[in-house]
Amino acid sequence: MTLRHWFIIGGCAIIAIHFVHVEHEWILWVFTLFLGIIAVYFKKFRLYGLLMVASLVIFSYIALTEMEPLTAWKTGERVELLVRFTDYLENNGHVQASIVKAENDAKLLFQSYEKEAQLERFIEPGIVCRVKGTIEEPPAATNFNAFDYRNYLHSQGIFWIFKAQSFQKSDCTPDPATFSFSSLQHLQEYITSQIKQSLPSPSQELVLALLLGNRGEMESDVTDAYEKLGIVHLLAISGLHVGLLSAVLFGIGIRSGLTREGTTILLLTVLPIYAVLSGAAPSVIRAVLMAFIVLLCYLLKVRQSIHQVFFISLMTVLIFQPFSIYAVGFQLSYGVTLSLLISIRRILSFQMNQWKSSLTVSIIATLASIPFLLYHFFSFSPYSILLNLLYVPLFSVILLPLSWILAILVLTIGSAPAFLVEMSNKLIQGANTFALIISEIPFSSIIFGRLHPVHLSIVIMGVLLIAVLMEDKKENRIKYLLISILICLSLTMPKLDGQITAINVGQGDSILIQLPFNEGTYLIDSGRADKLDDIEDSGYIAAEAVIMPYLHSLGITKVDKLIVTHGDLDHAGGVPYLIDHLKIKEIVIGKKLTYSDLEIEIMGKAKRAEIPIMLVQSGDYWFTRHGKYAILSPEGNERNENDSSVVLHVAIAQESFLFTGDISIEKEQRLLKLYPNLKADYLKVGHHGSQTSTGVPFLKVVSPSYAVISVGKNNWYGHPDPEVLRNLKEEDIKVFRTDQNGAIQYKLNLFSNGTLQTTLP
């Protein structure tokens with residue numbers, strides 16, 4: 001088959017898997033029928049049409065088969081299962097977790113709230129236990145553009161979480177059928193413990209990362225710096241590592257007297273074992289599969305081009321793990337490799353020196369990674385091309401071989417020479433320190449936000465075209481320049497419409513207002529900073545965990561106004577963090593008789609950061625080109641903290657919005673006296689739906705069409721109050737709650753009524 005045929009098969013396979021996963025199979029069947037008709041009636045396109053139809057049908061069947069476990073149980077169902085552990089327990093704070101396989105061969109995420117020591121005594125890979133528990137569907141993302149834990153588990157073939165009840169060692173027995181796999185897990189644990197005991201930091205952490213794919217031991221600020229600069233791929237096992245392993249083993253085999261065929265068989269045995277030992281990440285699977293196919297073709301005397309090898313490995317992964325297409329590692333590994341394969345012939349056809357060739361490869365790899373980096377991480381580093389030129393040789397020529405030498409010495413003789421360890425430590429410390437320094441300089445990472453699907457398509461097509469046109473020819477330079485300009489324009493197009501989003505920050509408030517035509521960005525409150533719903537966690541800051549990632553996903557690095565409604569932790573707890581990590585043009589605080597300790601801290605911090613503070617009270621207002629923003633409260637004489645909340649009325653185009661902080665029913669009555677004709681289409685319900693707020697007279701006058709309640713799931717206050725919900729229902733007001741609907745977003749339209757959407761149905 002030609003390269004074009006492989007492209008068709010691969011593209012149709014991914015399309016089929018995606019539409020099955022999002023449960024839009026009907027679109028898939030209509031598209032398939034349309035292609036079938038074309039194949040029948042248009043002879044010129046018959047071969048391509050039939051190939052596309054066959055690919056769509058086959059891979060939609062594979063995806064549907066993979067999703068069969070979804071129909072095995074219902075969420076909340078209590079079951080008794082015979083589960084086989086495939087890994088050691090991992091301590092995730094308050095819960096112990098592991099991957100298990102049920103009797104129906106479904107993969108489950110096992111969770112137990114038993115004490116760690118109790119389960120560690122007998123839980124290990126290969127053991128089978130009969131356990132009672134509850135089946136639950138993994139939680140979906142509750143904020144727009146947020147990390148989707150459900151999709152993450154789906155990418156690993158896991159569709160259910162099994163929350164286990166207490167069980168004993170007597171409920172478990174070893175399973176002889178999993179002996180070989182569990183032996184590999186034990187070997188991995190042994191290698192890890194030996195390296196930890198024998199090597200100091202930072203060599204220990206890098207050896208574990210480069211040998212076993214375990215980056216968890218590295219310091220978070222170091223991995224963050226590598227990730228920020230676009231060189232974190234060097235810490236992951238990929239084709240470079242597999243190629244080095246294959247070359248070393250091949251050389252050892254030949255020198256030991258084995259024939260080429262015998263050495264090839266040895267590699268075909270060792271490579272899959274290494275894939276399991278190193279964690280079987282997508283980049284490892286791709287590299288091992290491609291090496292395995294090349295070796296197998298050599299053994300069978302079958303000729304295959306590198307492009308065919310690539311697509312065969314892709315098809316193999318999609319057959320056995322179809323939903324891995326959602327894993328960022330899969331997308332980066334296959335996306336970058338494909339771009340390099342497309343352009344490699346053109347690179348080799350020109351007589352370049354080593355420096356130019358390396359620069360060209362670095363440019364192509366960086367360009368190919370941009371769409372995926374922007375989609376998942378919302379940013380990329382303009383320094384990554386040059387840093388890859390520096391770090392790739394450092395890792396591939398020095399640090400990777402050195403790490404393998406240290407590991408082999410430790411595992412064979414129990415230690416490594418001091419001079420080797422010292423040299424390794426100095427090189428690693430130098431590389432890490434340099435990365436940390438570069439990551440702090442201006443423009444080390446540019447935040448663009450998650451690309452719109454249209455923009456993403458333009459960027460992907462542009463990158464593929466650039467890969468094809470990467471020739472040092474004058475006639476292609478204009479094309480190259482035009483495509484680059486098109487990509488830049490797609491990233492910088494202004495948003496014509498605005499949107500108002502109630503961010504799900506748990507039991508707290510945070511509302512983002514994005515004005516049309518990028519006229520401004522306002523953030524009302526910052527969520528809490530001490531607890532997440534009913535989980536005690538003094539280190540939790542909603543601004544860090546939720547708000548900043550969401551702002552970055554939108555490409556927002558500064559806000560024009562940060563409006564602090566009042567000084568409660570669940571509204572203003574994250575403001576100090578935002579002052580440190582976000583560009584803020586102005587902080588708006590209500591005038592009042594006394595300020596809370598948190599408000600005093602905020603004002604002091606703002607003053608030191610040279611951020612202007614605007615003290616507002618009833619009667620203040622400002623305009624933008626398309627909107628009016630009126631402060632209705634406080635009056636400045638309130639003695640109750642909640643009643644001193646800043647109340648903001650926003651009118652944009654044909655829509656009006658009322659944000660009420662935590663005001664009480666008494667304060668609502670006062671507002672009605674001051675503003676008897678107060679109206680709003682959209683009401684942010686006061687005090688999270690507490691019975692102390694949202695009185696019937698207030699609702700009758702304001703007469704909103706929509707009411708939004710920002711409230712934490714299973715919160716300890718019992719919010720929202722049933723009476724408040726009843727009042728809203730009786731007034732025929734459609735209610736949206738962040739605990740049930742996730743983030744709630746109203747898209748503004750200057751020429752017609754807006755639309756409301758939520759992250760959860």
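Each residue, glycine too, has its Cβ placed from N, Cα and C.
All annotation found in TrEMBL is predicted automatically rather than curated by experts.
Annotation source TrEMBL lists transmembrane segment at 5-20 (among others).
Sequence-remote contacts of a segment are chain residues at least 6 beyond its ends whose Cβ falls under 8 Å from one of its Cβ atoms, and for the transmembrane segment (26-42) they are 15-16, 19-20, 48-50, 52-53, 56-57, 60. Positions annotated as transmembrane segment by TrEMBL: 26-42 (among others).
Proximity of distant same-chain residues to the transmembrane segment (47-64), defined by a Cβ-Cβ separation under 8 Å and at least 6 residues beyond the stretch ends, is recorded for 5, 8-9, 12-13, 15-17, 19-21, 25, 28, 31-32, 35-36, 38-39, 318-319, 322-323. Summarising the annotation, TrEMBL assigns transmembrane segment to 47-64 (among others).
Here TrEMBL flags 231-251 (among others) as transmembrane segment. Residues 206, 209-210, 213, 215, 218, 223, 263, 266-267, 270-271, 274, 278-279, 281, 283-284, 286-288, 290-291, 295, 329, 332-333, 337, 384, 387-388, 391-392, 395-396, 400-401, 404, 435 of the same chain lie 6 or more positions beyond the ends of the transmembrane segment (231-251) yet place their CB under 8 Å from a CB of it.
Taken from TrEMBL, the feature transmembrane segment covers 258-277 (among others). Under 8 Å from some Cβ of the transmembrane segment (258-277) lie the Cβ atoms of residues 181, 184, 187-188, 191, 212, 242, 245-246, 249-250, 284-285, 288, 291-292, 295-296, 298-299, all in the same chain and six or more residues away from its ends.
Taken from TrEMBL, the feature transmembrane segment applies to 283-302 (among others).
Marked as transmembrane segment by TrEMBL: 309-326 (among others). Beyond the ends of the transmembrane segment (309-326), by six or more residues, the same chain brings 6, 9-10, 13-14, 17-18, 21, 59, 62-63, 66, 151-152, 154-157, 282, 285-286, 289-290, 293-294, 297, 334, 337-338, 341 to within a C-beta distance below 8 angstroms of the stretch.
Per TrEMBL, transmembrane segment is recorded for 360-378 (among others).
Under the heading transmembrane segment, TrEMBL lists 390-420 (among others).
Per TrEMBL, transmembrane segment is recorded for 454-471 (among others).
Annotation comment: TrEMBL describes 478-496 (among others) as transmembrane segment.
The annotation domain 'Metallo-beta-lactamase' is assigned in TrEMBL to 507-713.
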Residues of the parent chain within Cβ reach of the transmembrane segment (283-302), under 8 Å, 6 or more residues beyond its termini: 213, 233, 236-239, 241-243, 246, 261, 264-265, 267-268, 271-272, 274-275, 309-310, 312-314, 316-317, 329-330, 332-334, 337
Within-chain partners of the transmembrane segment (5-20) [C-beta distance under 8 Å, separation at least 6 from its ends]: 27-28, 48, 51-52, 55-60, 62-64, 67, 307-308, 311, 314-315, 318, 322-323, 325
Model confidence over the domain 'Metallo-beta-lactamase' (507-713) (mean pLDDT, whole number): 93
